[in-house]
Amino acid sequence: MGLGERGGWDKSESRYCGVETEFEDDMPRLLSYNLSSSGFDFVVAPLMDPTYRPSLLEAENGSSHVLPFAGSDLVLSPSQWSSHVVGKISTWIDLDSEDEIFRMDSETTLKQEIAWASHLSLQACLLPSPKRASCANYARCVNQILQGLSNMQLWLRIPLLKTDEDSLDVDSDDLRDSWELWNSFRLICENHSQLSLALDILSTLPSVNSIGRWFGEPVRVAIVHTDSFLTNARGYPCLSKSHQKLITGFFNHSVQMVLSGKPLHNIPAESTGSAANHIDKNVNNVERHPLRSYLDYVGYLYQRMEPLSEQERIELGYRDFLQAPLQPLMDNLEAQTYETFEKDSVKYIQYQRAICKALLDRVPDGKESAITTVLMVVGAGRGPLVRAALQAAEETGRKLKVYAVEKNPNAVVTLHSLIKLEGWENVVTIVSCDMRLWNAPEKADILVSELLGSFGDNELSPECLDGAQRFLKQDGISIPSSYTSFIQPITASKLYNDVKSHKDLIHFETAYVVKLHSVAKLAPSQSVFTFNHPDYSTKKSNQRYKKLHFVIPCDTGSAIVHGFAGYFDATLYKDVHLGIEPSMSTPNMFSWFAIFFPLRQPICVQPGSPLEVHFWRCCGSTKVWYEWCVTSPRPSPIHNSNGRSYWVGL
Ligand SMILES: C[S@@+](CC[C@H](N)C(=O)[O-])C[C@H]1O[C@@H](n2cnc3c(N)ncnc32)[C@H](O)[C@@H]1O
């Protein structure tokens, strides 16, 4: 059973699907019935007889009773318990009941069952859904248990439910938005990383926006009820298009499935065996598990998914993994990093297209042999942009003189051998120097650079190009000619917990490079800072300040903001752009992941009411840094004041 976090969707893995069962005191029988021939990977089974109440038993037997657990620990091997059984905590418990005896019984039972599950080394227990909106005592007790828990996960069961605001009485006590229930529970439990979610998928689904929120939450399992299934023309269970999309989304996020409920479909006794039918037929007439056709359908949805591309496979290990940002000026990149960049052919194709257009604008047709364009690649690395420039010259028939300027002496070694190998000695001059300090022997027509970070200007492209602008002709062209950063609020429980695990302020005030995956994007991104090159304005400054208002769509419901995802888009030249802002990202380009600006305290936002955010780009004599804060719906502290935690050295 892949109950821990899986790396992600992978066709070579077996699927992980469990079944929810009734209490059965013969555990080995329960397992053999549901697993071996029936195809499930694990059972979600009650650990204790549901008729048991501590107070009744104590009254009858005093304290010397044996708890009515489902068999002793000896009935299964430790690995069977741990791989094939998820403990289902008694559903009758209500720790917020008005009835004190019942409440005490509930607490005792919860603790006894979890203690037993820990003794068995189960990987997870399913906690029943809170019975009421006010569930402080339940959450308090679970939090207490979490403090002493070794590795086990607690999956809080929550129905996937959100009603339209106007479809309920104002005074009704009915649950309107189950996310609120989850949110208050996990806040009381201080976002404990071993508290996660089991979502009950019902026959009616909430809006797409509202479902989207859950993808930023720690959903471990989706419990699909048989009554959520429709019936296809052949009498077999199937799911609506929106349910299919949801289940596929869960598969993509390593969420396991559990089937629950009684079979509601009368499967035709005889199957035709038609190839068009996706259901795996029981040709041998062996008695089938009553939920087998439901399991087959879920398996079919799994198999039907597009396999991951090679690039996605490579990136699997980076998903939702916080990476320390680069210090590109202070540090020198390693060969391995250059190699990764150089594999991204899409990036260089875009640069080549931009350089072609610039060359054609610079040198009109008919003047090809009369004019030599001086092109400088500043920050040339190991030479891929030099190659792109020379290919553009060949493509357009323009004559080129190239300077390759690079401050990393190790990359310069590679540049020298590349130029020899390619026979570019007569066209390319290598300059081993920081572009801000170089005294160029002549001025450039075209200045080509790629000094961009995930947030555009965060690797100090503006400061470096300010230094290089001195040797660009007055009418010269900079590629890129501009770049803009973007942010959007996100729910990102995993990232938040990872930042929090460091237990210090520094980590909450650092921007991380992350391959975002299990996040909910709560509103469209908005532009933050733009830089244009060249920039001859007299009051030029690279300091920036921007105030932004995000509005969470009304049908989303309330949501929690753990921080901001950051992106960039760069205009290389005219209509040639390159970037990672999701709505206009360059397809198949992989050089940049997004950036993540965390918040020290997650902020809950109501739909329709604005989230006001401030971002500053600050510049000192030795460093550049960002500061950020939220002012509405409630103020947050300023993050990274004076660049005390995170900065980029000049
Ligand atoms: C992101 S890499 C790009 C390398 C290469 N152009 C490519 O596309 O693969 C940026 C390069 O610029 C260099 N660099 C950064 N700041 C520089 C500066 N001020 N002067 C010269 N080179 C610089 C770095 O050492 C690094 O090799």
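From the backbone N, Cα and C atoms, a Cβ is placed for every residue, glycine too.
Feature list (source: TrEMBL):
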{"type": "ACT_SITE", "residues": "GLU450", "note": "active site, proton donor/acceptor"}
{"type": "ACT_SITE", "residues": "GLU459", "note": "active site, proton donor/acceptor"}
{"type": "BINDING", "residues": "TYR338, LYS347, TYR348, GLU406, ASP434, MET435", "note": "S-adenosyl-L-methionine binding site"}
{"type": "DOMAIN", "residues": "39-304", "note": "domain 'PRMT5 TIM barrel'"}
{"type": "DOMAIN", "residues": "310-479", "note": "domain 'PRMT5 arginine-N-methyltransferase'"}
{"type": "DOMAIN", "residues": "482-648", "note": "domain 'PRMT5 oligomerisation'"}
{"type": "SITE", "residues": "PHE341", "note": "site 'Critical for specifying symmetric addition of methyl groups'"}
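Annotated features, which come from TrEMBL, shown on the structure.
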residue : record                                                             : Cβ neighbours (10 Å)
TYR338  : S-adenosyl-L-methionine binding site                               : 17
PHE341  : site 'Critical for specifying symmetric addition of methyl groups' : 17
LYS347  : S-adenosyl-L-methionine binding site                               : 23
TYR348  : S-adenosyl-L-methionine binding site                               : 19
GLU406  : S-adenosyl-L-methionine binding site                               : 25
ASP434  : S-adenosyl-L-methionine binding site                               : 17
MET435  : S-adenosyl-L-methionine binding site                               : 25
GLU450  : active site, proton donor/acceptor                                 : 24
GLU459  : active site, proton donor/acceptor                                 : 22
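DSSP assigns MET435 (S-adenosyl-L-methionine binding site) to coil in the three-state reduction, placing it in neither a helix nor a strand. Taking PHE341, LYS347, TYR348, GLU406, MET435, GLU450 as the candidate recorded positions, the subset whose CB lies under 6 angstroms from any atom of ligand 1 consists of PHE341, GLU406, MET435, GLU450. Rounded to the nearest whole angstrom, the C-alpha distance between PHE341 (site 'Critical for specifying symmetric addition of methyl groups') and LYS347 (S-adenosyl-L-methionine binding site) is 9. Largest Cα to Cα distance within the recorded S-adenosyl-L-methionine binders TYR338, LYS347, TYR348, GLU406, ASP434, MET435: about 24 Å as a whole number.
For the recorded site, GLU406 (S-adenosyl-L-methionine binding site), the DSSP three-state label reads strand. Of the recorded residues, TYR348 (S-adenosyl-L-methionine binding site) and GLU459 (active site, proton donor/acceptor) place their C-alpha atoms 19 Å from one another.
The shortest Cα-Cα distance from GLU450 (active site, proton donor/acceptor) to any of the binding-site residues (TYR338, LYS347, ASP434) is found for LYS347.
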